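Taken from TrEMBL, the feature domain 'ABC transmembrane type-1' covers B:139-328. Annotation comment: TrEMBL describes B:49-69, B:141-166, B:178-197, B:203-221, B:252-274, B:310-328 as transmembrane segment.
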Amino acid sequence: MAKYLAKRIFYLILTLFIVITVTFFLMKLLPGTPLTNQAKLSQSQIALIYKQYGLDKPEWQQYLIYLAGAVKGDFGTSFQFSDQPVSYLLSSRIGPSLQIGLQAMVVGVVLGILIGAIGAMRQNTWVDTTTTVVSILGISIPSFVLAVLLQYYLGLKAQLFPIAEWGGFIYTVLPTLALGATPLAESARFVRTEMVDVLSSDYIELAKAKGLSRMGVIYHHALRNSLIPLITIVGPLAVNIMTGSMVVENIFSIPGIGEQFVKSVLTNDYPTIMDLTIIYSFMLCVVLLFTDILYGIADPRIRLTGKAN
Amino acid sequence: MADTAKLPADSFKPMSADDRAALDSEKIAAPSLTFMQDAWRRLKKNKGAWVSLILLALIFLFAFGSAVVSPHDPNQVHPEYANLPSKIPGIGINGFNGTLVQAGQRIDAYKQARATGAHYLMGTDYLGRDLLSRVLYGTRISLIIALVATLFDLTIGVTYGIFSGWKGGRVDTFMQRVIEIILSIPNLVVIVLLILILKPGMLSIIIAIALTSWTNMARLVRAQTLEIKEQEYILAARTLGESSLKIAFKHLLPNLSSVIIINTMFTIPSAIFFEATLSYIGIGISSPQASLGTLLNDGQKNFQFLPYQMWWPALVLCIIMLAFNLLGDGLRDAFDPRTKE
């Protein structure tokens, strides 16, 4: 286990190093300059600004400086907001994104498990059909369409929730729903398929024959065994939420990193884009590592050390 | 040996008509079906998938047919007919009869714009362009992007997967590490970075989506290749001196076809989704070109007052996504009957 963990952490660092390197040199290829009014500036002014941000040095030096800074958690200064270190700019924005992302994941997966389990228990009835329709709709409707509809009907028309901005918990409800739809649908589908499979296995028959109550069979035997494989889709779901958050945060004007990413992209704020890419990769790596370990614990049949090949 | 031949002659008798009929009942009358015919038969039984297939065929027909025959020019601006709601002749339901709620009152927008003779099935946008033509045009662009990106993604993914699985050993481990690294960066981030470098436009979206979404296909194809590689017929082919390339085309590819087709059905909607998201953010297709994403973005701005401008493209987008997902599910069941309950 310790050996496996060390190996995985080594790969995590390697991945981040590659991500940093690739994004750094990709950014250098980007067209356009970070200066808004380049035409109005004199040659010496441009030189001064470049010097201030360290852009006058050769690229390999910039890269080493950046790498050394990244290790210490210093990702340079934002071009868009002068004098604001990127790490400071983003540290206040990670909170809202994490909150909404986690809420969406938890709400989505928990409801998804429930819906999937109910569908499997009432297999081939109208209940099952309804749950299937719900899950296929959840997968097919893009989160940004859902976000706008929720904002309009639940926010503006019904006045149930604030339509935008960031305040207390009530402000997180609509974005959570918009982002949670896909995890809900995916996990409902997944749990249903798994559980239908499990319900027809011999040990379920045995449990029934022992005289266990219906709920006992479902809870202790069917549900538990159906949930283990669900861990494997947590990683892809996290990606989905990250992707969705970029648009959904914009729609609800939530001061999160997704909104900042879109903003930075539109203003050529390279240091912020780079840092955000690294943050996203780091979060995803951690989620993947976490789910792999969890899977090994939940299902002893999978030996972590054997997974390397 | 001679003993066995000493059977009395009366223990044999000619077959009666009844016996012959009994023999016939054992005969398999139905023609034997190939794998694809069998899958096709199963697919036709799946109502959802069948309806989806027909819907998709219609959408393709209309979207690509509108390049030749279109109700209106999608880029023709009619400022005097701006923001007319949808009007379908013969339907009196509010929302489809050309009326609009303005300042608390329902008025006939067509009368107001002095366009009583005209009827736009999906209405017009803020520049008076026919929304139906624009939705068809946008669907076409979205589909082209998705299909071309999927084609690239298919080529890269399948080649990568077969190569990785076939070679095995160190090469395989290395190639899988590369995929793991790519997978640990969210797709959209990479796509956005690539588009910024290549300058926004149709081609760069296609390249960006193709370059990032092949990993899933590569993984599935690799896993399947590892399995097929151990089969006897591959061993036979190798023993007979067949080259690796020929084995890949003659033996691996046909046996991988179901995995590839099923995964393609899920890649296309995700490509459509990425394109729509990018255009929605504002770094995708730029005007005068339109895609479903840009139409949604335009429509969303006026959603409170002119909801039809977003409903129509949203509806088309959702139907396309839904149809591809249902068809993909149907194909998975059709190709792999074991998964069917």
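Just so it is clear, glycine is given a Cβ too, placed from its N, Cα and C backbone atoms.
Remember, it's a predicted structure, so these values are computed and weren't measured experimentally.
Ranked by Cβ pairs under 8 Å to the transmembrane segment (B:141-166), the stretches B:49-69, B:178-197, B:203-221, B:252-274, B:310-328 are led by B:203-221. Among the recorded stretches B:178-197, B:203-221, B:252-274, B:310-328, the one sharing the largest number of Cβ pairs closer than 8 Å with the transmembrane segment (B:49-69) is B:310-328. Residues 145-146, 148-150, 152-154, 156-158, 160-162, 164-165, 179, 182-183, 187, 190-191, 194-195, 256, 259-260, 263-264, 267, 270-271, 274-275, 278, 284-285 of the same chain, all 6+ positions outside the transmembrane segment (B:203-221), place their C-beta atoms under 8 angstroms from a C-beta of that stretch.
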